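Everything on this sheet refers to the single structure shown next.
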Amino acid sequence: MTRIIKIVSLGVSVLALGALNLQADTGVIATGVRIPLKSPYAAAQGLGWNSLNWSGYALTAATQPYHSISGTWQVPTVYSDGNHSSTFGSNWIGIDGFNNSDLIQTGTGEEVISGTAQYFAWWEILPSPETLIPTMVVQPGNTMHASITNLGNGEWQITLQNLTLHESFTTDQSYSGPAQSAEWIQEAPTINGSISTLDPYSTFAFSNLSVNGGNPMLEPSDGGVMIQNNVQVSTPSFPSVTGNSFAVAYGSQMPAPPTALIPRIDITLPEMVSTGQVLEIFGLNFGNGPGQVTIDGVNASVNAWSSNLITVTVPKVPAGPQVLTVTTSTGTSVSRTITVINPLQPTIANIFPSVALPGTTVRLMGRNLGNTPGSVVLDNMNAHIDSWSPYMVTFTVPSDVKPGPAPITLITAQDKSVTDSQFTIAQPPSPVIHDIYPSTARIGQTVSIFGSNFGMAKPSVTIGGVSATVESWSPYRITVMVPSVPFGTEPVVVTTSDGSTVKDASFTVINTAAPSIRMDFPNQAPVGTSVRLLGNNFGSQTGTVTLGGTKATIQSWSPYMITFVVPNVSAGSQPLVVTTSGGQSTQTTFTVTPAPSPYISTVYPDPAIPGYPLRIMGNNFGSDKGTVDINGTPLTIQYWTPYFIEAVLPTNLATGSATLTVTTASGATATDTNFSIK
């Protein structure tokens, strides 16, 4: 695919697709001519050829010219590679172009320009430029089917279909190429005479492949990979066991070949359905899924998926005959027509109980409520739906709804509604405090308030007029943290969600004692080690731990134990202090031991390859990420543990002997001078 942008003499953008550019081991580029030398990239994976702009499968061994080709594929999702402002890709079927400069082809294209992805359909006969198909919408995930057929007398028919959106395009054109090859290709198009950067794409499959009216029976030797800047960027799978499908993936990892057959719809139940109703689809080759089910081109919500049965919820589509399709990774089923009818009007027969408190579960009985949950509205508030069936709905009364008459409106998934005005929200009983435990507590300590009628919604609590943090609540118990208030007896006030209040004046805030350290374990450790402090009066609220004047990272905190990480301080005896709202502990001494020196035991691969990962094994690298460099050039760290590091080499490293240096977070270094770059 060759793209020529902004031809000044015409003042328009002209697009053209190009023939195969093969790369030999010598690095020579040949356009339209296959160099019969095997690439180590393709051979290493058991495939037959490699190219600068193609990956996929090509047939060239026919004794007679190829007269037809077809195939199905899913439009991949493309992404920005983060390094280039513009990347491009194209997926197509064609005849010729593998061993010559003739080519007839059609397919879909993708491009990412300044981070924005675009998708389109096209056809082309070289040497004429590409012709876009503006009437066809192309979206990622759409299932496309294409065919090219020799009609005789130099006339060929090109057909491209979007099976997902039920769109089709056909054109008859003159073509005089020798028809010496047939291809199913993922391509990096040529832009203004230069091969573009392939845009990263999601793995997809070419399936239902045929050539000259039969199964192509693809072999691994028919497949090829794409190489850009000495990096393998696009790789097909081995052919499926049936020989008429394969997957293709971005990068050098070979994907698994498709194994399932094209899905087939046999029966749908019920025969007539309405929007929001559950539809059962019986058939074969659905796979483990889930895939995609569309009705009138609209995606249906999948409820269950197995190899021979799918249940979906019918989406909002017009009443009447509608087209149903099932799409999996191997292709799209033949469409089936189902009848969609207008949903019936729902009715409410009974509500129990008819008077309820906020937070109460209520049952609503009726007819034509639908299989799919809709919504229940009370006093302009959505109730939580507990269960839903065509005849009964259970919901929970919102916790903050006001007492009094509250009409209930039920809205089905089909946007049909019914209202019942015979429901009342009861006045909740006033809250009562029975006990506060403990009755005396320090600032920052957690206390429990026991009582009744606190409600299901989160209440508010004040102590001494200051808002207290509510940690948990139920209708019978509330736990709060004592806020910063003066010492002495302070009133506790609970306010429920409906505005009711209750007050207790028997709670006392006592002076917070200063923390004290009783023991540390271990009593000496290097930087980065977790240490436990045992003691008293640490409080429930997290304070600070300093070692050698440096604040340590706190891992856990309780009134009697603290776990912290030794900060980056000098080795030797260092003062240790705990600080809470009650004050500062007496200073104790903690010994920071020198960190063990890091060392490198194994490096793989050696020699290393620019642009590829390097694995470094050893010890004492530390838990915190440090740096890795080669002759002073930093590597990109992907994984770091005390025993193993993985980093990616830059692409511009010089070949030959080199020095590999690992620098830990504490500044210690380990080097390997017996190291080289390939």
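Any Cβ shown, glycine's included, is placed from N, Cα and C.
Quick look at what TrEMBL annotates:
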| type | residues | note |
| --- | --- | --- |
| SIGNAL | 1-24 | signal peptide |
| ACT_SITE | E187 | active site, proton acceptor |
| DOMAIN | 345-426 | domain 'IPT/TIG' |
| DOMAIN | 430-510 | domain 'IPT/TIG' |
| DOMAIN | 514-593 | domain 'IPT/TIG' |
Tell me the Cβ neighbour count for E187 (active site, proton acceptor), meaning other Cβ atoms within 10 Å of its Cβ, over all protein chains shown.
30
Any idea what the model's mean pLDDT is for the domain 'IPT/TIG' (514-593)?
91
Write out how many residues of the domain 'IPT/TIG' (345-426) are helix, how many strand and how many coil, based on DSSP.
0 helix, 43 strand, 39 coil
Helix, strand and coil residues within the domain 'IPT/TIG' (430-510) as assigned by DSSP:
0 helix, 51 strand, 30 coil
